[in-house]
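Dropping the structure in here first, questions after.
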Amino acid sequence: MKICKNGVTHNLLRIVFNLHNNDPETPPPQHTPYLIGVGRADCTGPPADVPMMGYANPQQTAAGIHTRLYSRAFIVDDGKRRVVFVTADIGMVSQRLRLEVLQALQVKYGDLYQQDNVVLSGTHTHCGPGGYFQYTLFMITSGYMKAAIEPLVNGIVKSIDIAHNNMKPGRIYRNRGELDDSSLNRSPHSYLNNPEEERRRYKWNTDKQVLVLKFTDQDGDGIGMISWFAVHAVSMNYTNRMVSSDNMGYASYLLEQDKNPGGLPGQGSFVAGFSSSNLGDVTPNTRGPYCVNTGLPCDYLNSSCPIGGTKMCQAFGPGEDMFESTRIIGHNVYLKAKELYANAVEEVTGFIHHAHQWVNMTDVTVQINETHTVRITCKPALGHSFAAGTIDGGGDLNFTQGAVEGDPFWDGIRDALLGQPSNQTKECHHPKPILLSTGEMNWPLPWHPQIVDVQMITIGSVAVVAVPGEMTTMSGRRLREAVKEELESEGTLKDMEVVIAGLSNVYTHYITTYEEYQVQRYEGASTIYGPHTLSAYLQKYRGLARAIAQDRVSELPAGPQPPFFTENLFNFVPLALFDRKPENMSFGDVLEEVYPVYRQGDVVTVTFVAGNPRNSGDIRDKTFVTVEIFDNRTETWEVVHNDASWETRFHWLKGSNWQSNATVEWQIPPTALAGSYRIKHFGHYKELKGLQPVITPYEGSSDVFTVTASFYYE
């Protein structure tokens, strides 16, 4: 069944509901299906030169593709209301990205999809292109680039389009379980500062639960799944320069390959979204931190090493390198989600609700008595320990985690370049020693957001709380508990499953508990609205939950709209200049050829004369690489892998004098068929003809090589 733009089918469903019920407000019978749509679209941006978003490491600019990035959309409609949940393979959803997506949806669909009923969440991969921010701090590290934000906007909107056009009656089931050996608390010292009585209620210092929503059609055939698990997508570390969806993306890849057999990545109708949650203090690097230069343990309190400081204190594992670690963690998450999906029998039924407000997070007040309120939040600021980084990627300078006093040297440099924090801001953020008073810095644009989204959607007995940042384990537990209590307070909603969707709608760094904030490790130093940030969010989300429980969402004030800046946006990314090639060679020519014979498990490598991948423009739904097998029956070449495949790696190397190479690796899987293969590379080069830049496509192919189970023939 197709939902038309004019909502004809939507209205038909509502009429059907009303035929079942004389009173339209009477809950529908348990067997009434939802309308469900799922969609997936490529949202991979420029894989060359653009800074990656996550580690804020200026050396980490994109130079190839490990795996492609996808947006996955899920639409659910109960005949009265409709909600959209999107999980995208990006570091986080920025305010600018959300606003541009909502504008595009408004043009296409009018008021059907708005800020109230659309949740956009990032998986938190740290290996996707940046360039989609409008606040100065983020533009310094990754910029604002049309070439980077447009693939994200268009990919997210396309995934929603596909879900919208595929809507049909279906059912939803929920299931939850626990996943061990895939996460570790990276700030246990902060966690231990939470009240002992509270900590005793929990077995672990990270949340091990995996929540799965299973979507089926009327016949019970699976059409999609969303899974939430709290772990950072940082199995790929800051030395990686290939665009990668990291561990969560690999989990999606595996389940979608399972459910869409025979297709290339990104193909097939089944959509598997693996979403982020309260992952603020949770690392996938389960072997923990040690000093890489000595092999000795790091200092427990400040995660630094006697020689080399925080940069030398790094967490690794569980694999021998970042690729194996990504594979292991992704596979673990996939296996647990697959198991929960297969055994999901508890049907989700009931009405849909959505609630949203914009909040000025610098001015949240609480009522202390009948006549007085007090402001509990601060103008944004980052502490000294923000610059220390974490065990997943330490800072380059001599900052350490756990700093509750400033450093005269760095404070002096800051004062000279950027100005001193005001006394009011210093007092508000105490005990945080302020490194950057971003809320008092507005040139050329504000350095941090003041207006943020708080949002919640409920689908029957499941509540998804869209959080604009990275909540720590205990912060998330407190929020889930508060929301559940409010939702069930009126008695109409029962047995609610509350899940946090992290990195949603706008990025505001971290959200620790008040107690964790006092320790001022990285997460506390990055809690930008002060020590009572969590209390402010608890109050706001309680308000949303209460409005849903009382069916009074329409009475919620919308709040102050966020800005949409049109001037002074900037980036430091150099222009993609003209491409040159070696004399007497062409783009696509092979520089290093393949061997004639390989076995399963070997790695095939071939290097081509290449152009800058940025000159390929919008690369969505295209590929720089194919691995092809010769079909003897049809005498044609068939594509078995592309640059979205886990088995391929596309490395771009910028050389001198505007020349560059592309090296393609194919890790031959054990399941590869014996036969004749070739590897092809596709790209574009830019040259000057007359005074005009001209972009020309090219392709190149390796020699044909053989894959065999053995080098020896009987």
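The chain as shown is numbered from 1 upward.
Backbone N, Cα and C define each Cβ position, glycine as well.
Note that the structure is a prediction, hence the values are computed from the model and not measured.
From TrEMBL, for reference:
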DOMAIN    34-539  domain 'Neutral/alkaline non-lysosomal ceramidase N-terminal'
BINDING   H124, H232, E470, Y510  Zn(2+) binding site
DOMAIN    542-707  domain 'Neutral/alkaline non-lysosomal ceramidase C-terminal'
Beyond H124, H232, E470, Y510, what residues of that chain have CB atoms within 8 A of the centre of the Zn(2+) site's CB atoms?
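What remains near the Cβ centre is S276, L279, G280, V282, G469, G502, L503.
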Does Y510 (Zn(2+) binding site) have same-chain partners at least 6 apart in sequence with Cβ under 8 Å from its own Cβ, and which are they?
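Sequence-distant Cβ neighbours: G280, G469, E470, M471, T472, Y522, E523, G524, S526, T527, I528.
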Summarise the model confidence on the domain 'Neutral/alkaline non-lysosomal ceramidase C-terminal' (542-707) as a single mean pLDDT, whole number.
97
Around E470 (Zn(2+) binding site), how many other CB atoms lie within 10 A of its CB?
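Around E470 (Zn(2+) binding site), other Cβ atoms within 10 Å: 29.
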Return the residues near H124 (Zn(2+) binding site), defined as same-chain residues 6+ apart in sequence whose C-beta is under 8 angstroms from its C-beta, sorted by sequence, else 'none'.
G54, G91, M92, H232, A233, V234, M248, S276, L279, E470, G502, L503
